[in-house]
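Residues or ranges marked as substrate binding site by TrEMBL: A:Thr160, A:Lys186, A:Thr197, A:Glu287, A:Asn410, A:Ser415. What TrEMBL records for A:Thr197 is active site, nucleophile.
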Protein chains: 2
Amino acid sequence: MAHDAPVSPLAPKSVPDVGPIEGVRFATAAAGIRYKGRTDVLLLALDEGTTVAGVFTKSKCPSAPVEWCRDNLPGGLARGLVVNSGNANAFTGQKGREATALTAKIAAKALGCAEAEIFLASTGVIGEPLDATKYDGVLEATAARLAPLPWIDPARAIMTTDTFPKLATATASIGGVSVTIAGIAKGAGMIAPDMATMLSFVFTDAPIAAPALQALLSRGVTDSFNAVTIDGDTSTSDTLMLFATGTAEKRGAPRITEATDRRLSSFRKALTTVLADLAEQVARDGEGARKLVKIEVTGATSKRSARRIAMSIANSPLVKTAVAGEDANWGRIVMAVGKAGEPAERDKLSISFGGIRVAHEGARDPSYDEAQVSTYMKNDVIDIQVDIGLGGSSDRVMTCDLTKEYVAINGDYRS
Amino acid sequence: MAHDAPVSPLAPKSVPDVGPIEGVRFATAAAGIRYKGRTDVLLLALDEGTTVAGVFTKSKCPSAPVEWCRDNLPGGLARGLVVNSGNANAFTGQKGREATALTAKIAAKALGCAEAEIFLASTGVIGEPLDATKYDGVLEATAARLAPLPWIDPARAIMTTDTFPKLATATASIGGVSVTIAGIAKGAGMIAPDMATMLSFVFTDAPIAAPALQALLSRGVTDSFNAVTIDGDTSTSDTLMLFATGTAEKRGAPRITEATDRRLSSFRKALTTVLADLAEQVARDGEGARKLVKIEVTGATSKRSARRIAMSIANSPLVKTAVAGEDANWGRIVMAVGKAGEPAERDKLSISFGGIRVAHEGARDPSYDEAQVSTYMKNDVIDIQVDIGLGGSSDRVMTCDLTKEYVAINGDYRS
């Protein structure tokens with residue numbers, strides 16, 4: 001584990017000040033799931049009436065906690081969340097299912113709710129049995145210490161190879177009443193669209209019915225978490241959940257039952273901000289990352305096509321190593337556009353780094369100044385713009401560079 | 001350029017003894033395309049009546065030489081081949097097309113044939129104009145030195161970041177007459193299915209009509225070059241060509257016009273051997289590679305599904321870094337199976353390294369001895385077997401590990 005790795009140079013300069021969400025309390029503990037004496041479990045309690053939405057990995061081999069959450073999501077109600085780091089409880093067969101059932105049972109007893117109202121997430125090594133009996137007593141003791149602050153504690157508790165805790169917050173207005181959104185995330189490696197080894201939990205006091213909440217989350221993820229890739233590897237455990245305690249209703253906020261409700265416009269925007277913020281922090285903490293890479297594709301024949309081309313660039317090891325080497329190697333961008341298999345014509349393609357156009361209409365831009373681009377490539381954040389020149393659709397994705405440190409971290413993770 | 005990189009530890013222990021192919025002669029030269037005083041061009045002459053087949057990159061932004069070859073392939077006849085290293089003549093627009101036309105013109109004059117009978121391939125940097133006037137005089141002088149041996153010369157002339165020349169040969173019998181196949185290849189990085197920055201040229205004296213030759217090549221590539229991936233990056237320049245001089249006809253070999261002709265069975269097998277041998281050498285010379293990884297997927301619902309799962313494993317940076325770290329991290333194999341999006345069920349999956357089963361029916365194999373597997377992982381060649389447990393289809397692909405050297409080579413290629 002790379003817990004002692006230096007903090008990513010791309011880490012935000014400060015941790016946001018995240019206030020309490022009424023109806024959400026939490027505490028962390030060391031349950032000894034994998035390591036002794038290290039905080040490795042988060043217990044989070046939600047007030048009665050909290051609604052829930054979730055988006056999970058598209059892996060055909062999902063972890064036991066992902067299956068547990070999927071099974072219980074249709075109930076629409078949540079009272080507790082248990083997250084452990086160190087063991088993903090993935091590919092653990094019947095034992096894995098027994099471990100989730102036992103964890104939920106212990107947590108439900110500790111929080112005084114139904115087992116189906118407990119949601120679970122695990123991250124860490126795949127294929128090792130998780131001994132849920134270790135939660136016995138621990139979750140009960142942890143439940144006695146629940147508090148609404150500070151958010152840095154749960155953000156830290158869910159970290160694995162992350163080098164900094166990830167928090168984001170925003171406020172919105174529903175029917176003239178202020179509501180708050182707070183979220184935490186973990187990422188690092190195995191990050192790809194469709195939710196890689198990424199866990200994120202977002203909370204709000206807004207009163208929104210579960211089906212509407214689900215629609216908001218499913219839409220919100222497209223241009224945030226699903227637009228981020230570190231290594232193209234999708235984990236078995238990816239989980240993004242949104243919990244709405246509804247406590248703002250007491251302060252006069254109207255209860256929203258439809259995602260199309262116009263009173264949600266401010267909330268939708270704030271949710272997008274929080275999700276995009278967390279997703280960017282995940283990219284900024286890509287394993288071994290030294291540069292954040294923002295890729296914008298314009299002039300594509302459809303948004304879907306723009307996304308595929310952008311992801312082809314973002315997942316190309318040759319593009320990512322070139323960025324690591326501070327080399328504006330636009331030939332590799334051409335390669336990545338070409339291999340995406342989407343409509344593209346060499347003679348209509350333009351490529352820019354940080355607004356400096358290096359290639360235009362199928363050839364090197366004659367006015368391109370290599371020294372100027374080389375200076376630009378020394379920046380922490382690299383913008384790559386690709387214009388396909390065929391249509392009116394665009395998209396943006398984010399990734400990081402591929403460094404020797406990525407190889408070092410992942411060549412020695414289990415030992 | 002990493003020409004001075006140490007030879008891959010996976011290089012074959014000896015260079016095969018490749019004999020002459022009647023009707024094929026070649027010479028190399030230093031034309032100063034990119035570097036001064038280095039052999040960077042191969043001129044190869046083919047006797048009149050030579051038939052030709054080709055398979056090219058599926059990139060939507062192919063290089064000018066690829067377009068040239070595609071345009072001239074329907075003629076079915078070849079008299080010359082010009083290959084340069086150092087400049088890919090890709091994304092060079094109208095200038096690129098002019099460079100191919102001029103190269104073909106100079107070569108046709110040097111060899112005394114039609115321009116449409118000249119085939120071209122270029123490899124190296126993308127986006128820089130190729131000055132074909134440098135061939136003027138050079139190709140004519142080179143044509144005066146044509147010889148049928150030694151094959152190591154053309155094999156070396158087409159290298160870029162390759163650390164060893166790649167040659168293969170085999171013999172076959174057509175209608176009781178012995179025919180020979182000889183091939184050369186270059187690879188290294190940007191290697192993915194559908195012909196990455198890979199050039200390969202294969203020659204035979206067998207008399208086979210162009211349409212039949214094309215059918216043989218298109219079929220032969222599926223389980224050889226298209227079953228190899230280094231980094232999932234597909235180049236703009238990938239070219240595999242098969243030339244048949246037909247000179248064995250003088251020795252009594254029957255002229256074959258249909259790919260389904262039963263008299264081709266020995267030739268087909270020999271061709272597959274040569275293509276598979278060259279493809280494996282390309283994998284063994286993957287940039288920074290320290291281990292060759294052979295992935296076999298069985299029990300899939302279709303060959304196509306098995307291929308996709310195998311490629312998902314082969315292209316996973318997390319699997320490849322684990323192999324580099326000599327870590328039998330089968331959790332990452334599970335991840336890669338899961339993300340392939342193909343039919344798979346956790347509870348039916350089995351995974352073995354070198355025949356040692358580590359995971360079975362959705363969980364860690366209880367009899368799995370980590371020390372035994374760790375010892376196995378120190379080998380140069382790693383066999384990964386994955387049984388999906390759902391059907392009767394299987395497939396095999398090859399890749400290499402992902403090391404810090406890959407990042408170093410590709411983070412500093414242009415400079």
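Along the chain as shown, the residues are counted starting at 1.
Just so it is clear, glycine is given a Cβ too, placed from its N, Cα and C backbone atoms.
Structure coloured by features recorded in TrEMBL.
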residue: A:Thr160; record: substrate binding site; DSSP (3 states): coil
residue: A:Lys186; record: substrate binding site; DSSP (3 states): strand
residue: A:Glu287; record: substrate binding site; DSSP (3 states): coil
residue: A:Asn410; record: substrate binding site; DSSP (3 states): helix
Give me the count of other Cβ atoms within 10 A of the Cβ belonging to A:Thr160 (substrate binding site).
22
Near chain B, which of the binding-site residues A:Thr160, A:Lys186, A:Glu287, A:Asn410 can you find when the cut-off is a Cβ distance under 8 Å?
A:Asn410
Just how many other Cβ atoms lie inside 10 Å of the Cβ on A:Lys186 (substrate binding site)?
27
If you draw a 10 Å sphere around the Cβ of A:Asn410 (substrate binding site), how many other Cβ atoms fall inside it, taking every protein chain shown into account?
29
Note down the number of other Cβ atoms within 10 Å of the Cβ of A:Glu287 (substrate binding site), including every protein chain shown.
30
